[in-house]
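Participant: Below are the features I grabbed from TrEMBL:
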- Lys35: active site, proton acceptor (ACT_SITE)
- Lys35: N6-(pyridoxal phosphate)lysine (MOD_RES)
- Arg129, Met307: substrate binding site (BINDING)
- 238-362: domain 'Alanine racemase C-terminal' (DOMAIN)
- Tyr259: active site, proton acceptor (ACT_SITE)
Amino acid sequence: MSRPVTATIHTDAMRHNLASIRARAPSSRVMAMVKADGYGHGLETAASALREADAFGVAAIDDARRIRALGLVQPVLVLSGFDSTADLEQLRELDADSIVHHAAQLEMLEQAQGAPIRCWLKIDTGMHRLGFAPEAVREAHARLCAARGAAGNIVLMSHFASSDEFEGVSPDSRQTREQLQVFADATAGLPGPRSLANSAAVLGWPGSHGDWVRPGGALYGMSVVAGRTAADFGLQPAMTFATRLLAVNRIAKGEHIGYSATWETPEDMCIGVAAVGYGDGYPRHAPAGTPVLVNGSPTQVVGRVSMDLATIDLRGHPDARAGDPVVLWGDGLPIESVAQASGTIAYELTCSITRRVRFLEA
Ligand SMILES: *Cc1c(COP(=O)(O)O)cnc(C)c1O
């Protein structure tokens with residue numbers, strides 16, 4: 001038999017989520033983040049569904065090429081930037097924008113031959129990953145303005161570390177307030193558009209929206225805010241990850257299920273064996289109690305998830321039979337609840353789906 005594991009991508013949900021983000025940030029343009037293969041949903045599927053976005057954000061030049069191959073003509077921002085003249089040539093060929101986050105890139109743009117590249121100057125306002133330190137911003141900006149390899153109208157941007165701690169809601173929203181202040185001070189008086197907000201900031205920090213918002217997870221109907229699902233924000237899940245039961249077995253009380261015998265049957269009961277495992281990207285660390293739906297109604301994983309199979313508690317599902325549908329997340333089961341049970345975030349789950357899973361569009 002072929003494996004029944006599917007990831008169904010709800011392109012209408014993505015369009016709904018884009019419209020919902022526009023309504024929340026009505027004065028900003030929207031850059032749809034489609035890095036990591038559209039957060040695991042498929043870059044081509046995601047970018048096509050989101051073709052009304054004002055721009056796209058990708059991690060690498062190869063992804064910019066895939067966007068252009070779809071015939072999409074809006075700006076594409078390469079988040080990792082460039083580190084060679086060959087990269088610069090490809091950026092020009094693809095008419096792609098680049099992040100500039102390091103002094104070595106300024107030098108390359110000063111010496112560059114050929115058409116100028118549109119630049120997004122990345123400022124490290126406290127996350128301490130990529131970007132120029134606040135005190136280095138004015139000099140970097142002046143050098144970029146003068147560099148023959150850089151186009152005018154440089155975008156000033158930064159990224160938040162903790163914007164999921166909402167203003168006025170979370171007791172711990174200090175870091176985002178500080179990052180906003182550092183950004184305002186570092187860029188005061190400089191011309192050019194501003195861009196700071198990821199999904200959580202679009203939802204919870206309206207004062208941060210600026211000229212460009214850069215949502216990712218929210219477009220796919222995923223929440224990063226602890227204890228809240230995407231539905232709490234009016235967003236719709238863009239992926240349903242599903243499979244079928246391969247077997248339903250009656251197991252006596254006191255037996256142990258699966259590798260390392262981690263779960264003991266508390267009574268005589270039925271165990272469903274679902275055709276899904278970590279070989280498909282279902283998390284091996286999903287513990288007993290992780291929610292799933294069988295025939296649309298809730299139950300839980302029991303025992304250890306293996307490569308091809310997962311075992312499911314069928315108490316309360318007396319009619320379940322081999323072949324019945326199992327939803328792992330998506331339609332009727334918020335991915336956030338699976339992520340929380342598994343000790344991760346929804347983003348990691350969708351990014352972890354493997355190549356043997358069949359992708360469908362709905
Ligand atoms: C990934 C990313 C985003 C989007 O973050 P979400 O939490 O998915 O909205 C925005 N900006 C940058 C620079 C990113 O790398």
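Each residue, glycine too, has its Cβ placed from N, Cα and C.
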Participant: My understanding is the cutoff is Cβ-Cβ under 8 Å with a sequence separation of 6 or more in the same chain; which residues meet that for Met307 (substrate binding site)?
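Facilitator: When sequence neighbours closer than 6 are ignored, Met307 (substrate binding site) has Gly277, Tyr278, Gly279 within Cβ distance under 8 Å.
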Participant: In the domain 'Alanine racemase C-terminal' (238-362), how many residues does DSSP assign to helix, to strand and to coil?
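Facilitator: Result for the domain 'Alanine racemase C-terminal' (238-362), in helix, strand, coil order: 16 helix, 48 strand, 61 coil.
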Participant: Using a 10 Å radius around each Cβ and counting other Cβ atoms from all shown chains, which of the recorded positions Lys35, Arg129 yields the largest count?
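Facilitator: Result of the Cβ crowding comparison: Lys35.
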Participant: What mean pLDDT does the predicted model reach across the domain 'Alanine racemase C-terminal' (238-362)?
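Facilitator: Mean pLDDT, the domain 'Alanine racemase C-terminal' (238-362): 97.
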Participant: Measuring Cα to Cα, how far is Arg129 (substrate binding site) from Lys35 (active site, proton acceptor) in Å?
Facilitator: 17
Participant: Which state, by DSSP, holds Lys35 (active site, proton acceptor): helix, strand or coil?
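Facilitator: Where Lys35 (active site, proton acceptor) sits, the three-state DSSP reduction gives helix.
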Participant: Sequence gap of 6 or more, Cβ distance under 8 Å: name the residues on the same chain that satisfy this around Tyr259 (active site, proton acceptor), in order along the sequence.
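Facilitator: Gly303, Arg304, Ser306 - these are the non-local Cβ neighbours of Tyr259 (active site, proton acceptor), listed in sequence order.
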